[in-house]
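Asker: Provided herewith is a single structure, encoded as structure tokens, for subsequent inquiry.
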Amino acid sequence: MSSGIESILTETRVFPPFPNLVQGAAISGMDEYRALCQEAEQSPDEFWGRLARENLAWTTPFKQVLDESEAPFYRWFGDGEMNVSANCLDKHLDTPTANKTALIFESDDGKVSTVTYKQLHARVCQFANGLKSLGHRTGERAIIYMPMSIEAVVAMQACARLGIIHSVVFGGFSSKSLHERTVDVGATLVITADEQVRGGKSIPLKSAVDEALAMGGCDAVAHVIVYKRTGGAVQWQEGRDLWMDELSAGQPDVCEPVPLNAEHPLFILYTSGSTGKPKGVQHATAGFLLWALLTVKWTFDAKDSDVFWCTADVGWVTGHTYITYGPLAAGLTQVVFEGVPTYPNVGRFWEMIQRHKVTVFYTAPTAIRSLTKAAESAPDYHPREYDLGSLRIIGSVGEPINPEAWMWYYTNVGRERCPVLDTWWQTETGAHMITPLPGVTPLKPGSCTLPLPGIAAAIVDEAGEPVESGKGGFLVVQRPWPAMIRTIWGDPERFKKSYFPPELKGAYLAGDGAQRDADGYFWIMGRIDDVLNVSGHRLGTMEVESALVAHELVAEAAVVGRPDATTGEAVVAFVVLKRSLPEGAEADQIAKQLRDWVSKEIGPIAKPKDIRFGENLPKTRSGKIMRRLLRVVAKGETVTQDVSTLENPAILDQLSQAR
Ligand code: PRX
């Protein structure tokens, strides 16, 4: 749980909605919100059916809204056909939106380029035609391993246009993680770049793809398509490797979108669970897009004049829903940023909001917390030094936002005239689930407030029984919703086991602990499983443990989270080596070696912040590692719990004093 939990529990401030945002809002006022919630509750099929007809363009209209016959493998709009890319691009072509700027791209070094909807459509069509010319077809899987760029959006949209199921791998993941995902999806195609540029540094991507493909089991990969970002040197395999611009050049700028069944998988996105192996979360075509679009309209109260900026990377679900799909389906102008918030200085975000006159800004608590700290020590780059008057809404996503960070964001960035939308959702939920609405919801710092209409969120105990307000429990969703995860790619049993345990009577188990207050507001308390949230990135403790024990020096490892003022949680690893206990400089050197190893095995985000060596780990007599105690040791606190059941209680002292 994050460091903000204690302050969350004592928070009492309330901020009513701003009248100027209530008027004309997509959902305006509590009565309208309640009426929608009621409609959804009383006749869910009519509610979702109406929204799907009103908001999506269908090539074959659906007759059945929800098919529950194979629950929990729900099917939405399952006899209808449509195409996501057509719903994001083609639908604007005969409207004034065609000539509106779709994407404003700003590179790491500050160069700005833009595309209109018409131009983006043409580029997507040309690339899709290029893929077709290579023989790639509906139903194949493509790995996308690209930097933030217009090209990344083009690649994803082109796949969606052809019904090629994409699986985007965040550019910060290692070749090993990339390999694992390439094999798991059975990719026939990899789309990448020569290099990515972040914070003034070039980082190779193509060479990581080469390494991944050389690890074996990737024979199905027929082509590697490379976006030339920097022109840096790359190895080339003739026949397999192609430049993205050369593939698109000369292709017709019209490519018929393939009509796809509503349930056709749109994408697979890997996320961490409580075992060592990441889960390939599979999303469907129509249901995902419907909710991506509706939440852009409802949560962000999208206006035609908006300049929308979601700072996430397309390698995460937030970038899928709130960059590549939702805002385009809504016809918004959006900012796409290649770099990092601290380069060339810590005022980068604020400067970009000023430069592009951003109206809706959506970022992560980690960024807010680190920029808060940075702004205090570098007052020239404090947000107050910039004109942020264009902003009307500011949002937060990915981890609990503690009330202190919320207030800083509200005061310094939103200037006390923009609501802070603390949006709770997950890779599995596809889009927002519990969130304030600008025209409806009184805000309480640290609470994600109320569920969206149609989302039956609740808090229950182990037996699936409702928990009274003020008491903690499991956050569940008691009715299916269109954007929900359909399955775990290749592992339907794990899907059922992870999300629909029998004792919860058919409810979806989110994996978060939460409680509600007397007003029905939700307060998220953190994960209930072995999943950590480091800088808003999900990490399985088992994943990091498996990486550590794969190192030749390591006999055993246990990984826990520790509250961290900037990153929310930090990874702490307790390690038993095969050799004698190292000390001093030698311990430092081995710790560094292990940190680099984890970075290579998973990616830099998984690097343990703290590695403690011990001769053993605290275990029960039956051999179970007592992580509960390790969490206490990791925090630097004294263990006060009963340790009499431990095989080796003395080990706790050793680990507490370890480096
Ligand atoms: O623990 C919750 C936390 O992030 C988890 C989902 O992570 P991921 O699938 O990577 O998706 C992140 C982007 C949607 C959740 O189980 N989380 C996400 N948003 C919030 C949050 N915790 C508290 N408040 C939030 N607003």
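Using the three backbone atoms N, Cα and C, a Cβ is placed for every residue, glycine included.
All TrEMBL annotations are machine predictions without curation.
What TrEMBL shows for this protein is this:
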- R198, G199, G200, K201, T318, S535: CoA binding site (BINDING)
- G398, E399, P400, D422, T423, W424, W425, Q426, T427, D512, R527, R538: ATP binding site (BINDING)
- V549, H551, V554: Mg(2+) binding site (BINDING)
- 33-88: domain 'Acetyl-coenzyme A synthetase N-terminal' (DOMAIN)
- 543-624: domain 'AMP-binding enzyme C-terminal' (DOMAIN)
- K624: N6-acetyllysine (MOD_RES)
Asker: According to DSSP, does K201 (CoA binding site) fall in a helix, a strand, or coil?
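Answerer: Reduced to three states, the DSSP call for K201 (CoA binding site) is strand.
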Asker: Would you please pick out, from the binding-site residues G398, S535, the one with the fewest other Cβ atoms within 10 Å of its Cβ?
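Answerer: So among G398, S535, the binding-site residues given, the one with the fewest Cβ atoms within 10 Å is S535.
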Asker: Which of these binding-site residues (G398, P400, W425, T427, R527, V554) have a C-beta closer than 6 Å to some atom of ligand 1?
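Answerer: Only G398, P400, W425, T427, R527 qualify.
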Asker: Counting distance between Cα atoms, which of the recorded positions P400, T423, R527, K624 is nearest T318 (CoA binding site)?
Answerer: T423
Asker: Which residue, of the recorded positions R198, R527, H551, K624, has its CB surrounded by the fewest other CB atoms within 10 A?
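Answerer: K624, out of the recorded positions R198, R527, H551, K624, has the fewest neighbouring Cβ atoms within 10 Å.
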Asker: Between the Cα atoms of R527 (ATP binding site) and the residue listed as 'N6-acetyllysine', what distance do you get, rounded to the nearest Å?
Answerer: 21
Asker: What does the structure give for the C-alpha distance between P400 (ATP binding site) and G199 (CoA binding site)? Integer Å is fine.
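Answerer: About 26 Å separate the Cα atoms of these two residues.
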Asker: Least buried of the binding-site residues T318, T423, T427, going by other Cβ atoms within 10 Å?
Answerer: T427
Asker: Of G200, K201, S535, V549, V554, which binding-site residues are close to T423 (ATP binding site), meaning a Cα within 10 Å of its Cα?
Answerer: none
Asker: Ten-angstrom check, please: count other Cβ atoms within 10 Å of the Cβ of G200 (CoA binding site), all chains counted.
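Answerer: Excluding its own Cβ, the number within 10 Å is 11.
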Asker: Return the residues near V554 (Mg(2+) binding site), defined as same-chain residues 6+ apart in sequence whose C-beta is under 8 angstroms from its C-beta, sorted by sequence, else 'none'.
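Answerer: Long-range Cβ contacts: L548, V575, V576, L577, K578, L594.
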